[in-house]
Amino acid sequence: LQLLLKATLLQLASGSHHPFYNGFYYNHIMNDKDNGQDKVDYFNGAKLVVETSKDPVYSYNGANVTLPCHYRYEPDLGPKRKIRIKWSKLRDDYTKEQDVMVAIGKTYMAFGDFKGRAHIHQASRHEASLVISDVRLKDDGKYRCEVIDGLEDESDVVDLRLQGIVFPYQPPRGQYKLNFHEAEQVCQDQGAILANFNQLFQAWSEGLDWCNAGWLADGTVQYPIRLPRKPCGGLHLAPGIRSYGPRHRHLHRFDAFCFSSALKGEVFYLDRLAGMTLEEAKQSCQDAGAEIARVGQLYSAWKFLGLDRCDAGWLADGSVRYPIATPRANCGPAEPGVRSFGFPSKGRFGVFCYTER
């Protein structure tokens, strides 16, 4: 190690162009006589190669998922060596990566929200795959698999994408009232998280068209347009995702694009002949051993379970909505979707409840 460090410093200081490659260790060192005459020693180590899936790995909320990662040496070194494996999650805003876990041999340690949910899968030689159990909404994103063998350090990135639904959200007090941190909170209150760009783009490709700008997880403000029109960027712009770019997270105010995935439970509808107030609706759900459903849960039930109900019902945020999977007369527009009556201050309706399985 001392010779290698000395060689590296001499290489930088001399400015000479003897070959050096981190995969095969071509080291420029002085000879033992120290007479000013250099010689080059070649250490033919093996090149370390790390590979993950080139295609995204898809999962959903509450599932177990394996993120594949394998490494190899060129040329092959034979018996398995004791190496260090590190997994980290790349953040949407490109700040410092989040540590997921580290492992040496059969000893490993998971960090933060991944404690008790993450471990290394090593079913075959040179495997370093990551298993995440009970997948959560915020697990969606890019993960780095890093393999460290002595001075060798190579990595590759795999993309975990949750199957879910993006829905626009504005609070009872109206349009463009949320700064970034408030947008994060209202999505969480609705059983969701702020959507990232990939999730919004997927929703746009599936037909989402929404003219109000909303926060995304990376602090940018964007909105999806399928049918160009004057109030939404102009008639002559192509369909696509309109972007305001990064905005000030405290001062600027917009709506939010929230993301929810599959449910661990079910959403069901309750009603009384005369309807219910919001407080009566909450109590009815509790009496049924459930809780009043959140907006994200209703969207998920509509998207993944085909929930179809042409009866308006209260939700936890004080809004009144109903999900239509099969459009029909007297049930709103001709397209499937979750219809909204807004946030009525008066009125009596049914209620959508949610219960865990």
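Cβ coordinates are placed from backbone N, Cα and C, and glycine is handled just like the others.
Feature annotation from TrEMBL assigns signal peptide to 1-15. Summarising the annotation, TrEMBL assigns domain 'Ig-like' to 46-158. Per TrEMBL, domain 'Link' is recorded for 165-260, 266-355. Look at TrEMBL and you will find Cys211-Cys232, Cys310-Cys331 tagged as disulfide bond.
Using DSSP to sort the residues of the domain 'Link' (165-260) gives these counts of helix, strand and coil: 22 helix, 30 strand, 44 coil. Of the listed disulfide-bonded residues, namely Cys211, Cys232, the sparsest Cβ surroundings within 10 Å are found at Cys211. In this structure, the CA atom of Cys211 (disulfide bond) is 26 Å away from the CA atom of Cys310 (disulfide bond). Here the domain 'Ig-like' (46-158) is broken down by DSSP into helix, strand and coil counts: 6 helix, 60 strand, 47 coil.
Sequence-distant neighbours of Cys310 (disulfide bond): residues of the same chain at least 6 apart with a C-beta under 8 Å from its C-beta are Tyr322, Ile324, Arg328, Asn330, Cys331. Using a 10 Å radius centred on the Cβ of Cys331 (disulfide bond) and all shown protein chains, the other Cβ atoms total 15.
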